[in-house]
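Per TrEMBL, these features apply:
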BINDING   B:ARG110, B:LYS151, B:156-162, B:186-189, B:GLU194, B:HIS217, B:275-276  ATP binding site
DOMAIN    B:115-305  domain 'ATP-grasp'
2 protein chains.
Amino acid sequence: MSSEEKQLKPGDTIGILGGGQLGRMIAAAAMRLGLKVHIFCPDADSPAFECCSFKTVADYEDMEALHRFAQSVSVVTYEFENVPGETATFLEEHCIVRPGPLALTVSQDRLTEKTFLREKAGVEVAGYYAVENQGDLATGLSLFDGMGVLKTRRFGYDGKGQVMIRTEEVAETALEAIGDQPAILEALVPFEKEISVIVARGVDGDIRCYDPADNHHQNHILKTSSVPAEIPREVATAALEIAAQIVAALEYVGVMGVEMFAVPNAEESYDLVVNEIAPRVHNSGHWTQDACPVSQFEQHVRAIAGWPLGNPGRTSDVVMENLIGHDVDAWQEILHEPNARLTLYGKTETRDGRKMGHVNRLLPLGA
Amino acid sequence: MSSEEKQLKPGDTIGILGGGQLGRMIAAAAMRLGLKVHIFCPDADSPAFECCSFKTVADYEDMEALHRFAQSVSVVTYEFENVPGETATFLEEHCIVRPGPLALTVSQDRLTEKTFLREKAGVEVAGYYAVENQGDLATGLSLFDGMGVLKTRRFGYDGKGQVMIRTEEVAETALEAIGDQPAILEALVPFEKEISVIVARGVDGDIRCYDPADNHHQNHILKTSSVPAEIPREVATAALEIAAQIVAALEYVGVMGVEMFAVPNAEESYDLVVNEIAPRVHNSGHWTQDACPVSQFEQHVRAIAGWPLGNPGRTSDVVMENLIGHDVDAWQEILHEPNARLTLYGKTETRDGRKMGHVNRLLPLGA
């Protein structure tokens with residue numbers, strides 16, 4: 001069996017880079033399946049350290065620690081896409097990393113990502129133009145009717161590192177506002193809503209998608225994901241096909257979140273434009289924990305373990321609500337709700353904008 | 001707020017005596033709710049140590065270790081009923097223990113248990129007679145038509161420490177066969193099946209029951225629990241009432257398993273006779289993990305944390321199968337079943353008769 005197809009056994013250890021709530025929930029799913037978990041994270045106070053057999057507190061660039069980590073596990077995965085390049089390269093030389101290097105390369109850079117999605121995966125993305133300087137920006141804006149969103153190519157999240165440009169005044173200071181970094185100008189997409197699809201691909205190429213979710217944001221942070229999404233059936237089918245095309249093109253192994261814009265079209269339906277991909281379990285898939293036989297976390301574990309993917313079917317309608325900052329103070333009221341399922345991440349300090357937990361409110365199918 | 005009503009907050013720590021699969025699954029449920037877990041167990045290789053924030057490897061009689069343990073947690077619970085008396089007494093003096101001392105006292109001794117159930121809880125039990133010597137045994141047998149099951153009063157499980165007596169020859173050696181310990185003779189109950197009810201009681205006296213399960217054993221070890229049980233509706237209602245009566249009589253806090261015999265009666269229905277109670281989460285309740293919004297493990301955590309009890313409603317029909325010994329070798333085939341949900345306990349060595357995991361097979365409600 002080649003390393004591409006390697007299968008773990010119960011009792012083997014998966015390594016996770018990153019110790020946040022995503023790592024914690026992957027770890028819990030792995031443990032349920034009899035796997036051990038080794039968490040690698042620089043922050044000793046990380047939520048995932050409370051649910052693992054082994055832990056390493058070290059910087060991601062600490063090659064000695066990484067070497068010991070790689071030796072101690074059967075496969076490495078990650079809960080965030082901004083794994084430093086040299087860390088990823090080092091690990092790939094010393095152990096199996098799933099998802100593989102291409103997924104990180106593609107998703108760490110918005111320009112590479114857009115280009116891959118359009119050219120290799122063959123899916124629709126917003127118009128885009130690479131921006132290194134003011135001249136590029138002017139050219140890009142001229143292509144998109146003088147408007148667009150300027151985004152850093154790397155390390156943006158939750159609306160950070162981006163500027164909406166609708167006027168010349170804003171255009172003049174936009175590059176400075178994002179720190180004069182390599183950037184990408186994206187054409188404005190006249191979308192009505194954002195949906196996302198959680199998709200998984202196994203080592204055998206098997207692909208399974210969860211139903212699309214309707215996502216709503218507050219202050220650029222995901223607030224709720226509702227399933228089923230309010231979209232026509234053929235749009236839902238198209239969304240799943242797009243997600244499947246992307247993981248197939250990447251020869252991906254693991255769970256991925258694919259965000260899409262739904263743009264009203266002349267047929268009173270929607271066209272879909274891929275916004276971005278996340279090569280990991282995804283906040284907009286937390287509803288799968290309580291509304292599906294196999295959650296996105298178990299699905300990810302199955303995929304990276306080389307095991308058969310699970311049933312992504314849905315057993316309830318559901319609204320997932322993120323508990324952000326002091327939203328979490330309502331934990332006790334939520335425990336009183338008969339159809340609410342609470343997850344708290346065990347973070348010691350409540351801060352504005354910090355994701356502290358989430359709640360899945362379940363409804364009968366088709367209610 | 002008195003210590004009887006104490007409520008934990010997210011971030012507080014629950015202590016669990018015992019590090020087996022039950023402790024592991026309680027710990028996972030606690031972690032999901034943002035609680036920390038401290039496992040206390042003499043065996044360093046215990047499954048629950050892989051899912052906790054703090055661990056103590058020490059004997060249950062190590063008073064120094066127990067003292068540190070008690071200081072480090074907000075409440076102590078246990079995953080097995082045979083907590084040594086002096087351990088329980090010491091902990092009760094130094095911290096809150098839930099379920100409280102009466103539940104342990106009653107459930108550790110079959111004679112005390114039977115007497116409590118009949119006299120205080122007012123529920124039906126098999127006829128019984130205390131046996132200290134051969135004379136007592138002879139008297140007991142004369143009351144029960146010369147037949148019965150002789151059981152040690154303490155430390156019996158999975159059919160260990162008991163002898164079925166149907167002949168005088170067996171009667172003569174029975175006491176010796178169970179090690180000449182204080183015993184109880186139980187009249188034979190002409191039952192057709194065994195059912196069990198998982199019941200929870202909160203600090204506020206709220207009581208919630210899960211649906212009864214039909215239990216099947218192999219070699220005296222639970223093999224499957226099927227829900228719904230095949231019993232008339234009024235028998236199911238009676239079973240829940242019996243379970244509720246017991247936890248009310250004990251002023252119990254936590255989850256309890258109540259095993260009952262269903263004895264055919266003249267009305268083509270069943271009379272119920274309580275076989276035994278377990279003051280803890282129970283193997284016959286593992287189906288709640290996948291077929292209920294709130295599992296018995298989360299329910300137990302909610303109860304001992306002083307939190308509102310959750311919804312015990314059932315969302316699927318289900319058959320739970322224990323994976324005993326090498327049954328677990330089928331893990332990969334089980335992962336291929338679309339409606340099977342696998343749990344493995346992370347035990348390193350597969351031994352005959354050892355519970356290695358379980359699988360819940362889900363079916364639509366009423367299928």
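Even glycines carry a Cβ here, placed using N, Cα and C.
Listed in sequence order, B:ALA126, B:PHE261, B:VAL263, B:VAL273, B:ASN275 are the same-chain residues six or more apart from B:VAL189 (ATP binding site) with CB atoms under 8 A from its CB. Taken residue by residue with DSSP, B:GLU186 (ATP binding site) is part of a strand. In this structure, the binding-site residues under consideration are B:ARG110, B:LYS160, and the one with the smallest number of other Cβ atoms within 10 Å of its Cβ is B:LYS160. In the three-state DSSP scheme, B:LYS160 (ATP binding site) is classed as coil. Cβ environment of B:GLU186 (ATP binding site): B:ARG110, B:LYS114, B:ALA126, B:GLY127, B:TYR128, B:GLY148, B:VAL149, B:LEU150, B:LYS151 lie under 8 Å away, each six or more residues apart in the same chain. Packing around B:ASN275 (ATP binding site) is summarised by its Cβ count: 19 other Cβ atoms lie within 10 angstroms of its Cβ, all protein chains included.
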